[in-house]
DNA sequence: AGTATATCATACTGATCGGTATGCTAAACG
DNA sequence: CGTTTAGCATACCGATCAGTATGATATACT
């Protein structure tokens, strides 16, 4: 019973994602959001809780909609190919012409005040999940002979994620897709070869 | 003629650097600064202009005091050693125990609102200067036979800077010195070998 | 129809933002 | 000494921040 909601929460969340990607977490004001969504402040708070809650739900949508390629990438036949798909797929996300450049996760986690410390930690934790997934993939590859036994999966996972972070910063600064492709080209030059 | 200033502007600038490194450009309020410096708002504005002016002067101090190692690093006998000194020296800056972790330049350039767009562009420009210096060093190395002639100096400079950016993000997230050293270890694995 | 309830629009809260006007105080000049 | 001038302290400016109280409106149930 009661009045019907006059907006689509899912559509509104997509708009929030767009705004947050453009302006970052702290750089986005509630007014920015309500204006873009076409709803009022009380409607936003009723539907999504406070700003932090909304950002977390936006993060979920971002991972579900834009970072979902990672799961498939990790299942490539070889780790080397998995890593390459990971990085190339990430470039697609970072330079998607229909979205503001850069990564929602990286842009939010780096700077700004300590009022949003919980958000910073959340983003660091989510990033760590991805790094651990990659490390696990490298470990199974090593066990299966697809990765040298004298190499440390954690070291390589950390390295690959660092490359991703660097590209995310560059993308936020306006780097082109081609530029980033060249970073990946060079980054994969050192991929360890199997002893034979 | 006139009253004497009761604080040391240079010391105040050092404090500003510390605060900006901890909280970022937008995350730092004027009140944060005056409180840490122990001076009043009018004194700050009289001595340093507005927030943007102060941040630029802080950037100058940061480069002069913490990024000065780069110039010496580039003069190492081999490019490969120059790059290694660049990255290891950067780790020292990122994890200096007497300063907040991370890089003033990177933390400021990534996120936050568009009110500080001029600062973002300034930081991107300063970063580009460093990348160009490295590219030039790679070019002279190539001309001198210290770097393969079929490799692109711009590609490698971009790659090295990207590694640096990735490490800066990690450092801001609390990465240890050892972790970052391992990133550099792996990153340099792919350094091109000279034909012989 | 009548009532309960959820959503709407408007306007507001106290806090904080970057930046400044005003008047006081201390030092350098005559 | 007295005037000038620069730095200090206080208190303020309008704007904006995240979040909310209030009352009108529209739907669903009885």
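Even glycines carry a Cβ here, placed using N, Cα and C.
Packing against the DNA-binding region (A:29-48) from elsewhere in the chain are residues 5, 7, 9, 12-13, 15-16, 18-19, 23, 54, 57: each is 6 or more residues past its ends and has a CB under 8 Å from a CB in it. As annotated by TrEMBL, DNA-binding region applies to A:29-48.
Sequence annotations record features per position, and here TrEMBL assigns domain 'HTH tetR-type' to A:6-66.
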Exercise. What are the DSSP helix, strand and coil residue counts for the DNA-binding region (A:29-48)?
Worked result: 16 helix, 0 strand, 4 coil
